[in-house]
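One structure below.
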Amino acid sequence: TKKLHAKNQGEKTALHCALESQSSIACKMLLKKEENGVDIVTADGEIALHLAAKWPDIGDELFRILLGKTTEINRLDSKGRTPLHCALLFKCVTASKILLNKDATVNAEAQTCHNLTALHLAALWSDIPINLFEIILGKSKANLNAQDKYGRTALHCAILSKSETLIDKLLDAKADATIHEQDGLIPLHLAADWRQPIVPDISTRLFNKILTKSSSIVNAKDSRGQTALHFALASHSTTATDALLKHENLDVNIETKEDELAIHLAAKWQHIPDQLFEIIINKTDSDKLNSKHQGNTPLGYATESGLSQTLINLLLTLMGNQQ
């Protein structure tokens, strides 16, 4: 037994090492011993269950055997993570399902691991099995809008992972879409910033759903003074820009802390749909049409970006009217 429980420099026993090397045979042999030391703690504060939960394709039988021998299903490691946190971080479906079935807590916040709850981690796992997400969501109703170290809710995380299904589930569960994270971002900002060079645009249906849930703060600004419209234009999102411009309370005249207006961003967008540019320019206060951002006027940006001559002429006409 002494040899069985002997530790290496990382305070790990043979069982810890067998789990880390993902050897089913070695693990089962060690677990057959009467005093198997499943609750012995490593230098990282982990017990065998943490390591088993990090094994993405661990067998159902092996995990159940190990769980049956431990008394600390919610044991926290040195980073404040439970075995369920580990299972979700390492995308282990088997461990996650079994732990949840045994009533592992979903509301523990990993104190030195960004204060993440199980729901945050599930929302960041973009291809999590839906039934698994629904179990975690159902158990997290009292903590639905918990914020991590960065102020992010599970809804922020789901939008960052670009999973329409998870976003829908959270919104249907009445997740709060008006919460600001530490940089002032609300879910609407992230949804407007969805489209990237290799990422297709967000669906009109989903964006409108998020917009409806955050309608009262459609002009919310982040710490740099950017609104959702700034993000939509910067990411060249036709979907988000169109939906935002249709909102009756949208303000296109909000300047960022760097004096950037929607018209500056619209002028930089070479292939902006004509009708979107026309709406923005017509809603922009006339005295702002010559305003400068980093030394450039909207006309300067339009010329530089290669904006269509039709739109440049429209800009020139309105600037002339102002004069």
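Glycine is treated like the rest: Cβ placed from N, Cα and C.
Keep in mind that what you see is a predicted model, and the values were worked out from it rather than measured.
Residues or ranges marked as repeat 'ANK' in TrEMBL: 44-78, 79-111, 150-182.
For the repeat 'ANK' (150-182), the predicted model reports an average pLDDT of 98. Helix, strand and coil residue tallies for the repeat 'ANK' (150-182), in that order: 16 helix, 0 strand, 17 coil [DSSP].
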